[in-house]
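The following features are taken from Swiss-Prot:
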type    : residues                    : note
BINDING : T65, V66                    : L-tryptophan binding site
BINDING : R86, R251, K253, Y255, Y339 : substrate binding site
Amino acid sequence: MVEIQSQNEHHKFWANHLLPQFRRYIAEIGAYTSKQQDEHVKFFDSLLPHLGPRLPHPHTKAVLTVANMPLGFSVNLSDARKPIARMEIEPLDDTSGSAEDLFAANCIPACFTTLVKGMTTRVDTRWAHQLRQAFTPTSEESAIAKPRLRPGIERVSLAYFGITFDGDNRAMKYCTSHWPKFLGTATAESNDATSADAFLFSAIRRLKPGGEALAPSLDAIQHYFQNERHAKLPSPILFVGLDCIDPSRARIKMYGRTHSTAFSNVRNIMTLGGRALTAETTEFLARLRSIWHLLLNDPKAKDDEDYDRPPLDPNSLRTGLLVSFEVSALVSTPDIKVYVPFWQYHETDVQAINNLEQIFSLLGWDWGSGKYGDLLRKTFVGTDLAATQNHDYVSFNYSKRQGSYMTMYHVPPRPESTTA
């Protein structure tokens, strides 16, 4: 086991809380050798300075997770391969959210540098840096954008990073939002959802090299948005993520939110209003339909495709479903996924575990026999899972190549004390 040397009180604060949890998490997943675990833990430790000062932050809250933690874990299960651990991080520093750095832009370059240095696969950041340059507002634009944010939103993050741990390998994804730049530059007449989407799509089409190859999928999404004018539409797009690999292979995901959980609405979105219905999509929808009531924790959703499950917290901005539209130069139609905010439909981790283990058993995975519950119990030691909710989102997908695959996103409990 490697020994981690904390660099300062803030690093020590995060290390004491998160390092043991991350080590247990990747160990319990069961897909990594001891050497691989040690290497990933050392890399994880190198990221902790980018989480910002010890809690409470003097100026802002992390917006990556519903619990305002700047970091999350996730596990991906699949028919086709071993489980894969992932993590997501929102970089912050001690001035993030202050008057001098309203949208926490100043800390992003340093985090980029640490991440690129820690990857074991080839990294290509050309597209990422182009979007960062396009969407980072000036201080003047930030001052204009801040009061234009939707009521209840304190800050929109300009950067999330996702890291995948696949055996020895680590690969990274960059996420950003166009909203601060858009709100800081839009006129009163053009400050609307349609204009915001157009601003984003235009920036993606201009990416070099290869942005023009994304046109067929982008056209299909924009056509859907323009022809499906209803309140359930997952528009406007909220943020965008992309793989930091060669642009000829990179995926770009655009995330929006629909406030309806009715499966009829999911079908409409997944098929772009019926325009993108294929044999693969039909199989995907059939599999998703068979477990939808378990994802929503409501038997009413089993037989009624129009049933819209009420959220546990209707006042939250994170209601309904998160939807991603994935485009790449390799395909001419977008790949669409839905993400269920489990904390909105499961009061506790125990409820979530019970439903997910039923799903895993239906899918023929050995994670349905108590293994998944053990992952959380052994990771979050001392946490009463019958009284907590450490689940964030859960996604399900299907493809001919990978079969069924799911990702469960987890939020580490917030430190109970701000002492190191």
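Cβ atoms are placed via backbone N, Cα and C, with glycine included.
When the Cα positions of R86, R251, K253, Y255, Y339 are compared pair by pair, the longest gap among these substrate-binding residues is 19 Å. Around V66 (L-tryptophan binding site), taking its Cβ as the centre, 20 other Cβ atoms fall within 10 Å, counting all chains. Comparing local CB density within 10 A for the binding-site residues R86, R251, K253, the maximum falls on K253. Sequence-distant contacts (6 or more apart, same chain, Cβ under 8 Å) of Y339 (substrate binding site) comprise L321, L322, V323, S324, Y393, V394, S395. Long-range C-beta contacts of T65 (L-tryptophan binding site), restricted to its own chain and to partners at least six residues apart, with a cutoff below 8 Å, comprise L71, G72, D392, V411. Straight-line distance linking the Cα atoms of R251 (substrate binding site) and V66 (L-tryptophan binding site), rounded to a whole number, equals 26 Å.
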